[in-house]
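Lifted from Swiss-Prot, the feature list:
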| type | residues | note |
| --- | --- | --- |
| ACT_SITE | 199 | active site, proton acceptor |
| BINDING | 80, 81, 82, 83, 84, 85, 86, 87, 88, 103 | ATP binding site |
| DOMAIN | 74-358 | domain 'Protein kinase' |
| MOD_RES | 234 | phosphotyrosine |
């Protein structure tokens, strides 16, 4: 199929991760509308379904709107992730030598695949690119959708684990880079596309270890959240699950992604999960240990239908005591703004981007520890900046970076 804009790579599930992968139990949520006689959904079907190393898959792309057809061959190299959704494997394009990730999921023939529909809408430097897709069949006549994605070699999860094993703190510049790019990807999907990711976690944040550019992946749980329409609450991996989800809310907002981003930032700073709950209920206990018992008003903000109130009264633990003594106060402040019980009191992704914690990234003299330049951080497109107040715009795009920003370049 024709190249679509940017999108996730991998519903990579790290089998060593201790958190539960709740979204894998929700196939009905992942598959959206019924398929009609839709030209857009046409894709070449290839026989065979092997992902064993050395297996070659041949498919064709193009052939629509006057485009020439092109044959592409992929050789499977190794599995890089698996779950009940299917498998993600690394492959090499034999024609170009390019390495890609192919996410293969069982496709219900009655429905469109929501992940594919979402990914076709996406085009952003901090979201993994969907190159094209094709269907494959097995001897049992099972149909699989194969998403051919940009390959990014590392995950934030593995980077955190690397520093943890070395008994070292992650350099603060990397914490800033990763969390800034997470917020930028969320600002884009929330404001420009109108989609909530619903499974933000370190395993779904891919990193190029040389440039430290971060890309959000795995849109298997992503959904347009419409006000007044119910959604499932059993979504998002446990350690990163917003409290309104634990309270069973079904009319939540994209603020659930902001909570998850706050949990990831806390984990980057601590070197371990901020709220490591052993179960859904225990997850809430871990949150209460830090934020204190939510007030009746806060519970009402999270889930108006929740009537039980049987929690022990625990005072909030000061954030600065959660982190090491020399932790910059700006880091602690940003965590506290992202991790609010009331969803409407959490910072938005755009508000987070202009937080003083990221001021170092806006300094034109800032470099990576190896002396190299930072990855592109301010190459905003016009749709990313639409409706942004002037005072925020000035902070968002520093003067030295305005040439690479389309809005300023055209003015």
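Using the three backbone atoms N, Cα and C, a Cβ is placed for every residue, glycine included.
In the three-state DSSP scheme, the residue listed as 'active site, proton acceptor' falls into the coil class.
You'll find the Cα of residue 86 (ATP binding site) roughly 20 Å from the Cα of the residue listed as 'phosphotyrosine'. All protein chains shown were included, and the count of other CB atoms within 10 Å of the CB of the residue listed as 'phosphotyrosine' stands at 14. Annotation note: the residue listed as 'phosphotyrosine' sits in a coil segment as assigned by DSSP. Separation of the C-alpha atoms of residue 80 (ATP binding site) and the residue listed as 'active site, proton acceptor': 19 Å, rounded to the nearest whole number.
Comparing residue 199 (active site, proton acceptor) with the residue listed as 'phosphotyrosine', their Cα atoms are 11 Å apart once rounded. All protein chains considered, the CB of residue 86 (ATP binding site) has 21 other CB atoms within 10 Å.
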